[in-house]
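Participant: Residues or ranges marked as transmembrane segment by Swiss-Prot: 5-25, 42-62, 78-98, 104-124, 143-163, 171-191, 249-269, 297-317, 325-345, 352-372, 390-410, 413-433.
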Amino acid sequence: MLNNSHLLIIWLFGLISGFNLMITGNTLNYWLAKEDIALQTIGILSFITLPYSINFLLAPIFDAVQIKYLNKIFGHRLSWICLTSTALIFLIYIFSFLDPRTNLVLFTFTALIISFFSAAQDTILSALRTEIVPKESLGFTSGIYIFGYRIGMLLAGSGAIYLSIYFTFNEIYKIFAGLVFIYLILLIVAARYTNSFGLVEERICHSPSFLCHSRGSGNPNNEFFIKRYYSNFLKIFLDSRFRGNDIKSGNDISLAYFIILILIFLVLYRLPDNLINVMINPFLLHLEYDAFEIASVGKFWGVVGAIIGGLVGGFIMKHKNILNSIFLFGIIHALGHILFIFLEINGKNSLLLFITIGIESITGGMTMTAYIAFISSLCQGKFRATQYSFLSSMMGISRSIFPIISGYMVVNFGWQNFFLFTTIITIPSLLILLKIKTKLQ
């Protein structure tokens, strides 16, 4: 039975996940733009968030591997959280002394390592959340988690840009390190007080390794579990709802073709947003908006708009099926990108910025809601968690790899053509969606 203390822990999970993502994501992007780093370089550095795209590969390790000393004190899950949080505290503090203008290579490498530990912790927290929460309460607690996630994004995103009016980003990242430390203490205290982590310890497997030890003679099945997870990963994915009557032609070639279509769609559908997200900070600074305006409208209002869009999208999807919704939302959202062209033509205009960010964020929240619902609808059977992790990683690939060309596009073709491209590139994904729809009907 869940109580308020358990809900607080779920909220803390979301808070730190959203907070950590922004540290190496949009906030870092703003820092680089503020330091007048070349647009091409800013685009390339979008790959820093790549660990979030492959974190599903780490999941079996965190399930099976037991940390030698920390496990005796904190237990299995909490010991991993302590390890990753401690690493993040030290790495973020070290990062706060680096300057992207004088040593960009070391700056980038450190940010990538921070991103790795952030993604690792995100994986652990996601697994723990599903273990603490009863199945019938997952929907409600997901809302608590997402609320915490958005608050974390606001703190490390809009909050950091507000602080940049008074502090340097080196000082701000020192504050970040302190906040991660405070979070760790709060989580340890809350976990000990509620014994939430103890509820799932007996369900966790352990395995000996050079980083860990086993209780007694250990469990030799854990090494087999990890090897089996990786060797059969594609089989796990293929043995889903895609077999059988869900595809008109049930042969393997048709199955492979259908899966490829889905993967391409998942990458392309999110690509326009991901291109814009990498360049939005340089764009707003190019239009000479100050830190207060960017934090208030570009970030805070953007998050509020995304929340509103998620609610609107969820309401509409009660009356329309997922495929029709994701198609409709995609068209509306693509048209919203055109407003950035008007913003570039008109120059600095606070009202137009408010309207542009509002429409972009609300329609973006709608598409994201439908996108997640679509991924969830594809996952069935006993391996649905693995399927979901794999499919959602396509969103991460779209966010981390393809936007590396965004800076080159702006430099060579200009802002207006860049935003026009983000509108047009939606068309291929919608055509693929129509093809997927015919396959499923």
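Here the Cβ of each residue, glycine as well, is placed from N, Cα and C on the backbone.
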Participant: Six or more residues out from either end of the transmembrane segment (297-317), which same-chain residues have a Cβ under 8 Å from its Cβ atoms?
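Facilitator: Hits for the transmembrane segment (297-317): 26, 150, 153-154, 157-158, 161, 280-281, 284, 289, 325, 328-329, 350, 353-354, 357-370, 373.
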Participant: What parts of the chain pack near the transmembrane segment (78-98), using Cβ distances under 8 Å and only residues at least 6 beyond its ends?
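Facilitator: Hits for the transmembrane segment (78-98): 20, 23, 62, 66-67, 70-71, 106-107, 110-111, 113-114, 117-118, 120-121, 124-125, 128, 170-174, 176-177, 180-181, 183-184, 187-188, 191, 197.
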Participant: So are the transmembrane segment (143-163) and the transmembrane segment (5-25) touching or not, going by 3+ C-beta pairs under 8 A with a sequence gap of 6 or more?
Facilitator: yes
Participant: At a Cβ cut-off of 8 Å, and with pairs 6 or more apart in sequence only, do we get at least 3 pairs between the transmembrane segment (42-62) and the transmembrane segment (390-410), yes or no?
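Facilitator: They do touch: at least three Cβ pairs between the two stretches lie under 8 Å.
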Participant: Hey, which bits of the same chain come close to the transmembrane segment (413-433), Cβ under 8 Å, at least six residues off its ends?
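Facilitator: Distal contacts: 261, 264-265, 268-269, 271-272, 275-276, 279, 283, 286, 323, 326-327, 330-331, 333-335, 337-338, 340-341, 344-345, 406.
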Participant: Okay, the transmembrane segment (104-124) and the transmembrane segment (325-345): do they have at least three CB pairs under 8 Å, pairs separated by 6 or more?
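Facilitator: No; fewer than 3 Cβ pairs under 8 Å.
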